[in-house]
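According to TrEMBL, the domain 'ABC transmembrane type-1' annotation covers B:86-277. The region 'Disordered' annotation in TrEMBL covers B:1-20. Annotated transmembrane segment per TrEMBL: B:29-51, B:90-111, B:123-145, B:157-177, B:198-221, B:259-277, in sequence order.
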Amino acid sequence: MSDQQPPQGTVTAGDGARAASPAAPRPRRRKTDWRKRLEITLLAGPAIVVFIGFVIYPVILAGYYGFFRWKGYGPATDFVGFDNYMIILGDSAFHDVLRHNGFILVMSLVIQGPIAIVLALLLNQKIRGRSLIRVLIFVPYIISEVIVGIGWGLMLQTSGSVNGLLENIGLGQFQADWLSDPKIAIWSLMVIISWKYIGFAVILFLAGLQSIPDELFEAAAIDGASYWQIQRSITLPLLGPTVRIWAFLSIIGSLQLFDLVFIIWGQYVASTAGTSTMATYMVANGRTSGNFGYGSAVAVVMFLISLAIALVYQRFILRRDTEGALTEGKK
Amino acid sequence: MTATITKAPLKRGNRSATDRQQWGSPATYFIAFVFIALCLGPVIYIILGGFRDNSQITMDPAGLPGPWRLDNYQEVLASSTFWRQVGNSAIAGIATTLGVVILGLMASYILARYRFNGRGAMYSLFAAGLMFPMTVAITPLYIVIKDLGLMNSLTGVILPQIAFGLPVTVIILVPFLKAIPDEIEEAAAIDGTSRLGFFFRMVVPLSLPGVVTTGILAFVASWNSYLLPLFILGDQDMYTLPLGVQAFASQYSVDTAKVLAFTSLSMIPALIFFTLFERRIVGGLTGAVKG
């Protein structure tokens, strides 16, 4: 280390050290500021440019085009004010879509949450093959939505393997049109969603459990607490932040659900099967039918709904955790 | 230091206590087994289905291969379409990963170790990005890409993927970089290393675990991504695997066995990749989530 010490290097180092010497003379400080700004621009600039260009700008653009009737080419000139929004809010197909999204959101939390917590508690015990189990339950999460959609679509179709299996084990009377019967389809979708994403919840909860210090369990055990008492009074409360973060991710995911529905039901069947979501509605009525202005307006509505839910959630539920979860380090 | 010393005896006591109950109860294994069977069942169905032929599938949709047929897999492996799509997916995945990691690491370094006005705003900007997955921005994004003349090119997929991958990367990496003790930076400064030198010589190697995690997340997300390529890539020659699988499935909708073979081959790369780096992914999630 010491042999790579050029004489002038010490000077730059003194400048660079962050506010370590508050007594530094003024002119040198200004030079530091200039250098620091250059470094900040150089290192953070590219990320900010890409992020603003491809995330923020499109969102703003959607807000702009949402006020036009526009077919996607040439400049948007046919200004229609809030007409697109009035159509969206009055469209019964959009009301259906909202109901489906709400159902998916609530059921995802209700189905996956408790099951994942119980599984995580079970798997957090010292059992053989735990790391293998962890890999295997994560497999559905790693597989792409397209593959999941095609695989489950083939399994659940009327002549598919689920009905075949029911026939083989003598439960033929329970065969159903899992995908096309509007009463059943959304439950089929919930099964597929739970199957795909529950592994993520379990892994997250396991990670949360492992960050709870062993000493707490040992102390409770010495005090004579039973296994379930320990889980209820120590583990679950300390797992709270992880559960709340997971719920947040799950909610946002439910609102954005697209791939699975689009692959399995396609854009037109989804609404008759009762599984259409805001995103499939947006694609079907926006890009596919060439109404980019209308599609943009739907995007804005989706955006506002997600934003409102996210803000409310952060304000009332995540607030006590965000310091720790998102900024870390300050513990 | 003190922490390690006090921890050591505790750990030992812990181990002797757990030695007795190391196997756990049979019920735990049973539940774990059932759960894993449910997780893997559909995957196994897809893989085994590729080894059957269509008459077998029609006769008994839920049966096992008998006899085992290899020709579905052979045909898919021999088709140039499949390999071209693998190539496209690989290019998009690798470029996205590099972009996300390089840009994300640089920005996270600034956020973690520089003090300046607007730092909080910059962090909030990226953190807010977490709330807006691509679905919301896809229609205008399509327009932006079209205006840039990037339609039908992998670049048009890669750039937005980098942008949308940045929030998670920043959220995961900033704590990693903050955790590097100031003393190391001061020591490096005393030894004459500039802050940029410190970045390349110390920060990059020390943050490698976090970098690997975010890189894997970015790669798997890109490998599996469907919506963006669906909007951007209209030309069959540019299709990535998810688009290809879907096109194949609708084109050969009567040939279920071949669709299953194509599908199972296309999921193998992501599965291998994940198995290799499972520890990193889980470790990274732990770092990002624990309070």
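Each Cβ is built from the backbone N, Cα and C atoms, and glycine gets one as well.
For the transmembrane segment (B:90-111), the residues of the chain that approach it from at least six positions outside its boundaries are 119, 122-123, 126, 154, 157-159, 161-162, 165-166, 169-170, 173-174, 176-177, 199, 203-204, 207, 211, 214-215, 218-219, 221-223, 229, 240, 269, judged by C-beta separation under 8 angstroms. For the transmembrane segment (B:29-51), the partner stretch with the most Cβ pairs below 8 Å, chosen from B:123-145, B:157-177, B:259-277, is B:259-277. Distant neighbours of the transmembrane segment (B:123-145): 107, 111, 151, 156, 160, 164, 166-168, 170-171, 174, 227-228, 231-232; these residues of the same chain sit at least 6 beyond its ends, with a Cβ under 8 Å from one of its Cβ atoms. Counting residues 6+ beyond its ends, the transmembrane segment (B:157-177) has Cβ neighbours under 8 Å at 92, 95-96, 99-101, 103-105, 107-109, 111-113, 123, 126-130, 133-134, 141, 145, 150, 203, 207, 209-211, 213-214, 217-218, 221-222, 225, 228-229, 232-233, 240, 284, 287-288 in the same chain.
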